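According to Swiss-Prot, the protein carries these features:
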- 1-29: region 'Disordered' (REGION)
- 17-28: compositional bias 'Low complexity' (COMPBIAS)
- Gly119, Gln120, Thr121, Ser122, Ser123, Gly124, Lys125, Thr126: ATP binding site (BINDING)
- 363-436: coiled coil (COILED)
- 480-588: coiled coil (COILED)
- 624-689: region 'Disordered' (REGION)
- 630-639: compositional bias 'Low complexity' (COMPBIAS)
- 640-660: compositional bias 'Basic and acidic residues' (COMPBIAS)
- 666-681: compositional bias 'Basic and acidic residues' (COMPBIAS)
- 741-762: region 'Disordered' (REGION)
Amino acid sequence: MGVSRPPSTPASKIERTPMSTPTPGGSTRVKEEKIFVTVRVRPLSKKELALKDQVAWECDDNQTILYKGPPQDRAAPTSYTFDKVFGPASQTEVVYEEGAKDVAMSALTGINATIFAYGQTSSGKTFTMRGVTESAVNDIYRHIENTPERDFIIKISAMEIYNEIVKDLLRPESTNLRLLDDPEKGTIVEKLEEEIAKDSQHLRHLISICEEQRQVGETALNDTSSRSHQIIRLTVESRLREVSGCVKSFVANLNFVDLAGSERAAQTHAVGARLKEGCHINRSLLTLTTVIRKLSSDKRSGHIPYRDSKLTRILQLSLGGNARTAIICTMSPAQTHVEQSRNTLFFATCAKEVTNNAKVNMVVSDKQLVKHLQMEVARLEAELRTPDRASSSEIIIMERDRKIRQMEKEMEELKKQRDNAQLKLEELQKKMGDNQPGWNPFDSPQRTRKCLTYSGSLQPSNKMKIRSSIRQSATAPFMLKHEIRKLEQLQQQLEVEANRAIEVLHKEVECHKHGNQDAAETIAKLQAEIRGMQSVRSDRDVDMITDEGNGSDLKEEISRLHMQDNDIAKLEAKLENVQRSIDRLVMSLPNVGTQCNETTPKSNRAKKKKRMLLPLGVSNINRPNLIRAPCSPLSSSRPLEPEVENRAPEGDTVSHEGSERATPTKSEDTGDVSSRDETPRYRRSSSVNMKKMQKMFQNAAEENVRNIRAYVTELKERVAKLQYQKQLLVCQVLELESNEGKTNDMEEDSEENAGSLQDGPDSWDRLFKEQMQHIIQLWDLCHVSIIHRTQFYLLFRGDRADQIYIEVEVRRLTWLQQHFAEVGDASPAAGDDSTISLASSIKALRNEREFLARRMGSRLTEEERERLFIKWQVPLEAKQRKLQLVNRLWTDPNDQAHIDESADIVARLVGFCEGGNISKEMFELNFAVPASRKPWLMGWQPISNMIREKTQLW
């Protein structure tokens with residue numbers, strides 16, 4: 001099967017691009033996206049329709065699937081949402097177009113892609129994957145025809161994992177292939193054959209060969225069940241036809257993964273080799289589910305068991321790695337497969353949370369890569385030797401412009417300062433000539449140093465000093481303004497720190513609403529005073545700006561400075577009060593003061609419990625931040641924003657009020673420490689005990705309700721059994737008395753009873769046919785044993801004495817139908833043989849049919865079997881023909897000929913014809929299925945046994 005390969009770049013000469021390799025456009029093509037998950041619900045199969053299985057799942061819309069079956073024992077979700085949901089009427093082409101096409105076509109642009117088919121056995125995985133693969137091949141070659149500027153090479157390789165052994169599907173003679181770890185390619189399969197597809201027909205031929213070589217077997221659920229995992233890998237390489245400076249090509253893998261279905265041995269009845277295959281399949285699928293579940297969780301740092309299975313090891317890149325992945329989950333809507341369907345939906349729910357990191361895989365040959373790098377080095381060397389004058393001159397000009405703009409700004413600032421100084425000097429010279437009597441600047445030397453305005457009446461001896469001071473006053477405004485700004489900055493810092501301290505205290509008091517009232521009032525006063533100081537200061541700032549604009553003198557500046565000094569002193573005094581208020585508030589908080597020195601385990605436990613109950617704003621975590629003085633000089637360099645952020649917001653006061661019932665607050669602890677120590681500690685424990693008692697009472701009440709419901713159900717069943725036993729005893733007595741004829745009175749009574757039961761031959765025949773038809777309908781609805789049906793149908797043929805049996809059977813089936821309607825499809829508890837359900841009836845009927853199918857080999861000859869196969873239209877090439885024949889018996893309750901033939905075949909298989917005359921009231925003592933112990937599925941046999949035991953005791 002070898003095919004000549006065209007010349008291409010060897011694998012050893014290909015350098016794969018890393019995760020952050022830039023694209024020609026300059027950006028990295030690393031794409032993060034989640035797995036695209038779709039769910040396809042198949043229609044009911046022929047076997048499920050023959051067993052009258054119910055539909056339990058419906059597609060609400062194209063993204064939601066709903067559970068419509070009877071309620072389950074355990075709590076489970078009733079609706080699931082996915083990227084796409086396809087109902088039973090959807091076609092495979094639609095599934096491919098909306099669920100897998102986008103992922104499959106990404107392989108043509110250099111992105112790895114994988115398409116999974118996951119689901120239980122006989123759910124339609126292989127059917128779906130065949131259609132998806134065929135559609136993908138058509139689209140790939142259609143894209144190749146529409147892209148003439150690129151050359152494409154399609155390579156195919158295929159493998160199957162059968163019993164954890166990797167085999168090459170293109171080489172049937174291949175043995176167990178080893179898995180190797182490659183640092184660049186990941187996990188590879190050693191000696192795996194890879195063929196180059198010449199065209200689409202050749203590729204389809206190779207795919208068909210792979211499907212023929214796959215392991216297929218027969219199970220009870222599927223005649224052609226896939227017994228291995230199949231992986232068909234298409235490697236797509238493309239390169240430009242035109243030769244460029246650095247020829248790049250794309251390479252990507254497209255995997256079509258058809259998984260084997262999960263199965264239960266109880267349903268497939270697998271033994272021997274089939275059981276071994278099922279064990280390996282379930283083990284590998286369990287590993288796949290574990291990997292998906294761990295990848296879907298938030299914490300992906302833990303160990304992910306890729307190497308626990310060869311399936312997950314080969315597909316590691318497709319699971320959370322460098323690939324785009326689409327998963328098509330197939331499921332059956334039947335009620336009998338509800339648990340397997342839920343497991344499939346759980347897998348799909350986890351899979352849609354897995355994130356892959358897909359990238360474009362570009363490869364460059366070594367020869368052309370070296371040539372490209374040499375050209376790049378030559379270009380850089382040329383730039384270093386002859387720098388670009390234009391670019392360098394532009395940079396120099398921009399730098400000079402920036403410096404010029406900066407110098408212009410500085411010159412404008414200097415001009416403003418010069419103008420202000422000249423203005424101040426002119427005002428000073430003008431006011432020095434004014435006469436101001438009553439004030440002598442030389443009376444107070446300190447005042448002379450602070451004030452720079454002088455009167456006109458000066459002594460001649462001091463005129464020279466005044467002239468020198470005037471010459472020096474030109475630089476005084478700058479120094480004075482600098483000092484004023486320093487003082488203003490100090491005041492602002494103190495105000496900011498005071499406000500922060502007040503906010504901290506205010507929030508703490510808000511958390512303790514019933515706290516110290518004195519501290520709260522002090523804080524409110526301090527806040528009002530600081531706001532007043534800020535408003536006054538803002539007014540002064542406005543006045544200062546206005547006065548500076550109008551040319552105010554330095555005397556007003558100095559007076560304002562004195563007032564600011566007084567304000568700063570007042571502010572410092574107020575901040576001292578704030579510090580003392582902080583200390584008092586901290587000492588009044590719980591677990592502070594003398595309680596901090598308690599080291600007993602009991603107190604420590606109480607503190608821990610209280611700390612857990614209190615919100616974050618009043619916890620002990622933030623109390624050390626309150627003890628530090630926010631107004632101290634060292635605190636100015638320490639930011640307080642993290643401390644404020646760690647406190648509870650104002651909106652949390654409601655939650656704190658709700659927790660006051662369980663947490664002792666400051667209002668409960670008013671007084672000294674000793675009063676808090678004397679508070680009884682059993683209050684909190686009593687509240688906890690009350691909660692425990694309430695929980696115990698609730699659990700006890702629920703348990704009592706369940707016990708009462710079970711007891712009532714058991715009583716109903718016992719009453720029904722006693723009623724049937726009573727009626728059967730009456731039948732036995734009537735028949736014995738009529739046969740023996742002991743007394744005339746009893747004979748007259750029996751004749752009267754017989755007379756009362758009949759009005760005429762025609763009416764009784766008509767009534768018997770109607771009741772028998774009603775019984776047959778109920779047999780079919782309740783899935784009653786076909787052995788019981790045959791026995792009853794052959795024994796009671798319309799005799800007037802049979803009316804009591806007919807009536808008892810009608811009542812029994814009516815009660816059974818009502819019981820199924822009430823119980824639903826709930827499975828009986830372990831060890832409870834008296835509780836039955838519709839599911840248990842179906843299971844017992846299925847086991848009975850299998851029992852009869854096995855008896856056909858010993859009870860019927862080969863010629864009889866062949867005649868029956870032809871008569872019942874069982875195909876000659878069909879699998880399990882005997883079971884198919886038995887499954888067709890007693891399936892049409894409206895066809896009288898069908899019922900007669902079914903009863904005849906069952907009677908021959910069980911041996912009714914060999915027993916001779918059988919007593920009607922003991923009709924099912926000899927021909928019951930020994931495996932079943934449920935009385936209502938067995939018909940009347942257990943009741944008859946109980947009657948016989950009672951009569952022997954009497």
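Every residue gets a Cβ built from N, Cα and C, even glycine.
Computed from a predicted structure; not experimentally measured.
Features as recorded by Swiss-Prot, highlighted on the structure.
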residue: Gly119; record: ATP binding site; Cβ within 10 Å: 27
residue: Gln120; record: ATP binding site; Cβ within 10 Å: 24
residue: Thr121; record: ATP binding site; Cβ within 10 Å: 24
residue: Ser122; record: ATP binding site; Cβ within 10 Å: 26
residue: Ser123; record: ATP binding site; Cβ within 10 Å: 28
residue: Gly124; record: ATP binding site; Cβ within 10 Å: 21
residue: Lys125; record: ATP binding site; Cβ within 10 Å: 26
residue: Thr126; record: ATP binding site; Cβ within 10 Å: 23
If you take the centroid of the Cβ atoms of Gly119, Gln120, Thr121, Ser122, Ser123, Gly124, Lys125, Thr126, the listed ATP site, which other residues of that chain have their Cβ within 8 Å of it?
Arg42, Asn222, Gly261, Thr330, Ser332
DSSP state at Gly119 (ATP binding site), helix/strand/coil:
strand
Would you identify the secondary structure of Thr126 (ATP binding site) according to DSSP, in three states?
helix
Segment confidence, the coiled coil (363-436), expressed as mean pLDDT:
81
